[in-house]
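Here is what TrEMBL says about this protein:
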type     : residues                     : note
DOMAIN   : 4-124                        : domain 'Phosphotransferase system enzyme I N-terminal'
DOMAIN   : 152-222                      : domain 'PEP-utilising enzyme mobile'
DOMAIN   : 253-520                      : domain 'PEP-utilising enzyme C-terminal'
BINDING  : R289, R326, N437, D438, R448 : phosphoenolpyruvate binding site
BINDING  : E414, D438                   : Mg(2+) binding site
ACT_SITE : C485                         : active site, proton donor
Amino acid sequence: MKIQGTPVVPGVAYGPAVLAREEVPAAAIEAFASVTFPDAAAALSAYDDAAAAVADGFAAKAMSVSGAAAEVLAASAGLARDKGMRSLVRKQLNAGEQLLPSLQIAVEHFAGMFTQMGGLMAERVTDLRDIERRITARLVGVAEPGVPVPVDPSVLLAKDLAPSDTALLDPSLVLALVTGLGGPTSHTAIIARQLGIPCVVGATGAGRIADGTWVLVDGTTGLVVTGADPEESRTLAADDAVRRDAIAGWSGPAATADGVHVKLLANVADVPTAQTAAHAPVEGVGLFRTELSFLNRADEPSVEEQAAIYADVLAAFGQGRHVVARTLDAGSDKPIGFATHKGEENPALGVRGLRLSFDNPDLLDRQLDAIASASASSGVETWVMAPMVATVAEAGEFAAKVRERGLKPGVMIEVPSAALQAARMLEVVDFLSIGTNDLTQYTMAADRMATDLAHLTDAWQPAVLQLIAMTAAAGVTARKPVGVCGEAAADPLLACVLVGLGITSLSMAPAAVRPVGAQLGRVTMADCRRAAEAALAALDPEAARIAVRDALA
Ligand code: PEP
Ligand code: MG
C-alpha cells in the first residue's frame, strides 16, 4: 500500500507501526451506561476523581520534561481541572442527565466557544477532546488513550496528535511520525521539526495500516509505504542516517557549493527561545514574534517592561549578529487582550497586525519606542518590520516612524497585494520578509489552521511561488534584502528554490537550520536557479517537489 501525505520533516525511516489509541473502547462505554449513581452529588464526585487523576497525570508528565513541552502539559492539567467545565457538568447532572452525556455536553459547549474564538484558542479544541477521552477512560475503568511508549524503535501512526502526546515523544524510540490529519503548520509538524523526527501529515488512509506492520516513511516525498522490500528499505533508512549525521555536524555559515552566501536566521518567540536559538549556527534573528510574549496579558505592558524583554532578546544575539523584530501581530490566530478587536466576523481578514495601529497609533508608537530603547541599550543591530501590510502607503508611514527612531524599516509580505507591489514597497522600506504561512493562506483563500485544506495551504502551490518570485525579483533589482521567514524557509528542498529565486536570507525554527544549511552546501547557485524554474513550471505542489528533486539530483 502506498499513501501520499504532505511531507513535513525530511528523512527516511523504516520500522514497525505503533498506533496511537484515540478512542475509548465502545464496549467499555456501553457497559458504563448501566452504572447508576445514588444521586447527582455522587456522580459529580466520580467526575471530580477522574478529572483530578487526568490532571495529576499531566502534571506528573510536566515535571519530567522542560521548556515548551512542560508548558503544554501544565496547560492541559489546568484545562482538566477547569472550574467552568466542572460547573457545566454539575448543571447537567442536577438536571437529571447521566454522567458521560453531561461530560460530552460540557465539552461540546467549550469546544464551540473555543472554535468561535478562532486561532490559538481553536487549536485548544484538540486538547479539550483529548481531556474528554482521558476522563471518559478513567470513568469507565480503562487505560487513558494516547501514545503508547514503544519498546523498540517504531513508526508512530495517529489520526491526529494532541500537544500532550507530542510533547513527550522520545526521538530515540519514535523513528517517524505519520498523521492522517494536519497540515504543514499543525502542532504535530512543529514538534516533529523541533525533535528532528521524519514526519508526514495529512496522510489520509494511514488509518488502514495495522499495528505492527512494517512501514517505510519518506519525510521528503511524503510517501508512506507498506510491503516495501525490507532489504532495500533498510538500506534507504541507513543511507539517510548517514545524511542526517552530516546535518548534525553542519556548523554554518551557509553557502551554496559554489560559495554564494545565504544568511540563515532564527525565528524566536521570547527571551528563553532567543537564548536557546543563540546557540544555533545562525547569523541572527529573522523573525522575533513580539506578540508571543504577551498572549496572556489583559493590559498593555509599559514601554519600560517591553524594552526590558526586547533588550534581553537582543542581548542574546550580540557579536555582530542582527535581530529583526516584528511589531505586534495580534489578532486572528493570536488574540491578545489589550490589542485585538473583539467580535470580528472574520478575524483573519480583519484588524490584525499593522492594522491595529489604524485606530490606535499610540500602541505602535509605544512599541517602537521600546524597541528603539532596547536597541540603544543592547547595542545590537536592530531591524523592525510590520506584519499584515497591504498597501505601499501603509509601508511608507510605518517606515517613517521606524526611521525617526534610528532603526532600519521593513515590511512583511503576507498579503498578495503586497507581493504584487513588492517593487514599490522597496522604494519606501529597506528590506522585505516574506511570511509564507499567511501569504499562502491569503493567496489560496484557505485557513492555515484548517487541517482538511492541507493540500491548499502548501507554499509549493504555483501561485504562491509566483508571488515569491515576483517579490524576490524586486529585491534583486532594488539591491535590497528580501528574506523568507515563514515555514517554507525550513523546507530544505524549497530553500534551494527560494535561493534560486533571489531570496537572500531564510529564517526558521532553530531545529531546521542544520538541515537547510547542509542541503544548500550540496548544490550550486545554478542548481538552485534550475530548481526554481522547475518549481515555477510545475502545475501543482506534488509535481513541483518531484521536478525540483530531479533538478537537484
Ligand atoms: C507567516 O505568516 O509566514 C509568518 C512568519 O508569520 P506568523 O506565522 O507569525 O503569522
Ligand atoms: Mg504571518
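If you go along the chain as it appears here, the first residue is 1 and each next one adds 1.
Each Cβ is built from the backbone N, Cα and C atoms, and glycine gets one as well.
Reduced to three states, the DSSP call for D438 (phosphoenolpyruvate binding site) is helix. E414 (Mg(2+) binding site) is 14 Å away from R289 (phosphoenolpyruvate binding site) when you measure Cα to Cα. Taking every pair among R289, R326, N437, D438, R448, the residues listed as contacting phosphoenolpyruvate, the largest Cα to Cα separation comes to 20 Å.
If you draw a 10 Å sphere around the CB of N437 (phosphoenolpyruvate binding site), it holds 19 other CB atoms from the protein chains shown.
Among the recorded positions listed (R289, R326, R448, C485), none has a CB atom closer than 6 Å to any atom of ligand 2. In terms of Cα spacing, the binding-site residues R326, N437, D438, R448 that come within 10 Å of C485 (active site, proton donor) are N437. Between the alpha carbons (Cα) of R326 (phosphoenolpyruvate binding site) and E414 (Mg(2+) binding site) lies a span of roughly 13 Å. D438 (phosphoenolpyruvate binding site) sits 5 Å from E414 (Mg(2+) binding site), taking the CA atoms of both as reference points. When secondary structure is read from DSSP and collapsed to three states, R326 (phosphoenolpyruvate binding site) falls in the strand class.
Other Cβ atoms within 10 Å of the Cβ of the residue listed as 'active site, proton donor', summed over all protein chains shown, number 30. Within the same chain, residues at least 6 positions away in sequence whose Cβ sits under 8 Å from that of E414 (Mg(2+) binding site) are G353, P387, M388, V389, I434, G435, N437, D438, L439, Y442. When secondary structure is read from DSSP and collapsed to three states, R289 (phosphoenolpyruvate binding site) falls in the strand class. Other Cβ atoms within 10 Å of the Cβ of R289 (phosphoenolpyruvate binding site) number 19 in total over all chains.
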